[in-house]
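TrEMBL annotations:
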| type | residues | note |
| --- | --- | --- |
| ACT_SITE | His43 | active site, proton acceptor |
| BINDING | Tyr38, Phe89, Asn91, Asn137 | tRNA binding site |
| SITE | Asn33 | site 'Discriminates between blocked and unblocked aminoacyl-tRNA' |
| SITE | Asp116 | site 'Stabilizes the basic form of H active site to accept a proton' |
Amino acid sequence: MDFPFSSRRALPLSKARATHDIAMIKLIAGLGNPGAEYAATRHNAGFWFVDALARQTGASLSNQKNFHGYAGRAHIAGHEVWLLQPQTFMNRSGQSVVALARFYKIMPDEILVVHDELDLPPGAVKLKRGGGSGGHNGLKDISAHLTTPEYWRLRLGIGHPRTQLPAGSQQQVVDFVLKPPRKEEQDAIDDAMSRSLDVIDLAVKGDMEKAMMRLHGAGGRSA
């Protein structure tokens with residue numbers, strides 16, 4: 001069921017946030033596809049990040065049917081944060097994200113979605129709020145369920161398939177994201193995740209400007 005966040009608040013999101021300017025992150029959702037056959041594929045970079053964050057914080061994720069995914073609480077920078085891996089398959093990620101957010105009254109700008117990004121090379125990473133889906137079906141579904149694109153995204157670069165066609169074919173892209181990265185690509189993605197984990201405390205505390213400055217300046221591979 002779609003959940004329009006605006007129906008929970010008398011004021012629009014932007015005005016409601018004005019009462020407490022800094023929005024701390026309360027939910028970190030990593031996107032991917034469930035099942036062993038997808039575990040090592042590029043499209044599961046969001047799952048990899050949440051797994052790494054769970055290990056770093058000692059959090060334990062369990063299958064929570066009400067939220068259509070694996071979820072668990074982590075303690076980060078003195079705050080309790082939900083970690084989530086939707087098990088709905090990528091195209092229905094919003095069903096899982098909105099179920100947890102609705103239950104715990106988490107606003108869109110308190111959500112960080114971690115996902116694979118075709119438009120960035122392996123090793124590059126970018127933190128941003130809002131914007132379009134860039135053709136990413138997981139983001140598209142989350143924006144539709146939240147009825148707003150104004151949530152935070154951590155974009156983990158996976159590169160784009162080489163093609164002779166000007167814009168590449170959709171099938172080439174599908175085949176690319178559903179295959180494992182090459183070793184050198186995986187090493188670069190792992191490095192980007194490590195740098196991202198180093199700034200997650202800042203993001204959770206709502207200090208996004210400092211998090212972006214550190215992350216986007218790290219190694220010169222943020223864009």
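Placement of Cβ uses the backbone N, Cα and C atoms for every residue, glycine included.
These numbers come from a predicted model, not from an experiment.
Recorded features from TrEMBL, shown on the structure.
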residue : record                                                               : contacts (Cβ under 8 Å, 6+ apart)
Asn33   : site 'Discriminates between blocked and unblocked aminoacyl-tRNA'    : Thr41, His43, Asn44, Phe89, Met90
Tyr38   : tRNA binding site                                                    : Gly32, Asn44, Leu178
Asn91   : tRNA binding site                                                    : Asn137, Gly138, Asp141
Asp116  : site 'Stabilizes the basic form of H active site to accept a proton' : Leu31, Arg42, His43, Asn44, Ala45, Gly46, His136, Leu156, Ile158, Val177
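Around Asn137 (tRNA binding site), taking its Cβ as the centre, 16 other Cβ atoms fall within 10 Å, counting all chains. Other than the site residues Tyr38, Phe89, Asn91, Asn137, same-chain residues with C-beta atoms no more than 8 angstroms from the centre of those residues' C-beta atoms, the tRNA site, are Asn33, His43, Thr88, Met90, Arg92, Ser93, Gly138. With every protein chain in view, the residue among the recorded positions His43, Phe89 whose Cβ has the most Cβ partners within 10 Å turns out to be His43. Residues listed for tRNA, Tyr38, Phe89, Asn91, Asn137, cover a largest CA to CA span of 16 Å.
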